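Participant: Sharing a structure here in structure tokens format.
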Amino acid sequence: MKRTAFFISDGTGITAEALGQSLLAQFEFIEFEKITLPYIDSLEKARKAVARIDKASEIDGNKPVIFDTIVNSEIRAEIRKSQGYMIDIFGTFLEPLEQELGSKSTYTVGKSHSIVSNSSYNRRIDAMNYALENDDGARVRYYNEADIILVGVSRSGKTPTCIYLALQYGIKAANFPLTEDDILDQRLPESLRSYREKIFGLTIDPERLAVIRNERKPNSKYASIKQCNYEVEEVELMYRRERIPYLNSTDYSVEEISTRIMMMTGIERHIR
């Protein structure tokens, strides 16, 4: 089944996307075409958005799902005229919150993002630069600055997790790929041993690893199920021998991997 989902906002659309994506992810047997419409901050833009929604409804034969974070009530009312099923995020939550707090909302466009301090922004950028500069074992001499060092076989999810930890939490995360020689030795590489307390391992089901590697190097030894089985078995054995905490990333999104790592290690987020 195919449905269209619109994320509509009078700002960047990040909040509508974040909540909408989380809800849609619960319906794994439905294919969603996702469309973000940011800065819908006038009635004219709202009418154009309605036209797109109605066209999608006609093509799909189903109502598009609309997630909106529009502050202006007139613009929201205009969007509501469309042939879509509208989930009004601010309207749903602000009114009961106003009643509970005994205070009216200021209804400020883009407020959720304007409150981020300069220090948080700088921390996020520093962590992101660190993740990129210390990707794939490139610069181990800066590992003393790391909050965490992810290790694992090639294509087990290290890089996207490091980037997410940096962007979302301001965590400085480096990653180091464990080669066939490393896992054959069954010891941490020499360059990592002085940072043992920062090391966290990722693993992955061999079948999933083979699929991912075949996208990169199809029909190669590197992507064969035999090679993937071997590397995963050996790296998990090394984790246990070296007493390295680790997580199987197969069934988790990068958001879930990051959250579980923080829970397992006790690392605190640096930005909020």
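Think of each number as a place in line: the chain as shown, counted from 1.
Glycine residues also receive a Cβ, built from the backbone N, Cα and C atoms like all the rest.
So Swiss-Prot says this about it:
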BINDING   G152, V153, S154, R155, S156, G157, K158, T159  ADP binding site
Participant: Which secondary structure state does DSSP assign to T159 (ADP binding site), in the simple three-class scheme?
Facilitator: helix
Participant: Applying the rule Cβ within 8 Å of the centroid of the Cβ atoms of G152, V153, S154, R155, S156, G157, K158, T159, what extra residues of the same chain belong around the ADP site?
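Facilitator: Surrounding the site, in chain order, are N175, P177, L202, I204.
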Participant: Give the sequence-ordered list of residues that share a chain with S154 (ADP binding site), lie 6 or more positions from it, and have CB atoms under 8 Å from its CB.
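Facilitator: Listed in sequence order, they are P177, R213, Y222.
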Participant: Going by DSSP, give the three-state secondary structure for V153 (ADP binding site).
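Facilitator: Going by the DSSP assignment, V153 (ADP binding site) belongs to neither helix nor strand, so it counts as coil.
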Participant: Pick the one among the binding-site residues R155, K158 whose Cβ has the fewest other Cβ atoms within 10 Å in this structure.
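Facilitator: With the binding-site residues R155, K158, fewest surrounding Cβ atoms within 10 Å: R155.
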Participant: Test of understanding: give the count of other CB atoms lying within 10 angstroms of the CB of G152 (ADP binding site).
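Facilitator: There are 25 such Cβ atoms around G152 (ADP binding site).
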Participant: Tell me which residues of the chain lie with their Cβ under 8 angstroms from that of V153 (ADP binding site), as long as they are six or more apart in sequence?
Facilitator: P177, L178, I183, T203, I204, L209, E231, V232, V235
Participant: Counting other Cβ atoms within 10 Å of each residue's Cβ, which of the binding-site residues S156, T159 comes out lowest?
Facilitator: T159
